[in-house]
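Engineer: Here you go, one structure.
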Amino acid sequence: MLKLIQSFRRENLVWLGLSVLAILLDQWTKHIASTHLTYGEAQPVFPSLDWTLLHNHGAAFSFLSDAGGWQRYLFTGLAIIVSVLFIGWLLRLPRDTKILATGIALVLGGAIGNLIDRMSLGYVVDFISVYYNGHYFPSFNLADSAITLGTIFLIIDMLFLDKIRQSKKDQTSNDSK
């Protein structure tokens, strides 16, 4: 526990600010969708894009949405555990990990945005509907978008930037010998 506290970096609080921004934008847009859209009725925005208010009782792509209710507690518990771990990870990141920190912050904000819905409503509000030639992508919301974008940042960091940081670290340790 002492090591965790010692490795805390105050400047990393800005990344929690990004998470809070994602949460606020997500909840604001869900509120607008819930108060201005009629459930299940598509409101065309552009070709291939509608606003359609839907309630997702499952996870991404409505996974386990018809499982009988226990999934609400499973997904709530998982979201809480992941959020706590991500907050700890985010606050301890070194300075040279901006892409990684952005990814973690966005995933965290999206997870908490959907967690708020799941805990307060029993489902997640989705309202963005994308389709092409009659083929519909599963409806989603800004929290889902933040999670997706954050995951892309995490993958970029893992595939490219982590190797660069590691080689710089190795070179620094070799230079000091």
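We number each residue from 1, going along the chain as drawn.
Each Cβ is built from the backbone N, Cα and C atoms, and glycine gets one as well.
Copying in the features that TrEMBL gives for the protein in this structure:
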TRANSMEM  73-92  transmembrane segment
TRANSMEM  99-116  transmembrane segment
ACT_SITE  ASP126  active site
TRANSMEM  136-161  transmembrane segment
ACT_SITE  ASP144  active site
Engineer: Using C-alpha atoms only, work out the spacing between ASP126 (active site) and ASP144 (active site) and round it to an integer in Å.
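Structural biologist: ASP126 (active site) to ASP144 (active site), Cα-Cα distance: 9 Å.
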Engineer: Going by DSSP, is ASP126 (active site) sitting in a helix, a strand, or coil?
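Structural biologist: ASP126 (active site) sits in a strand per DSSP.
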Engineer: At a 10 Å cut-off from the C-beta of ASP126 (active site), count the other C-beta atoms across all protein chains.
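Structural biologist: Excluding its own Cβ, ASP126 (active site) sees 22 Cβ atoms within 10 Å.
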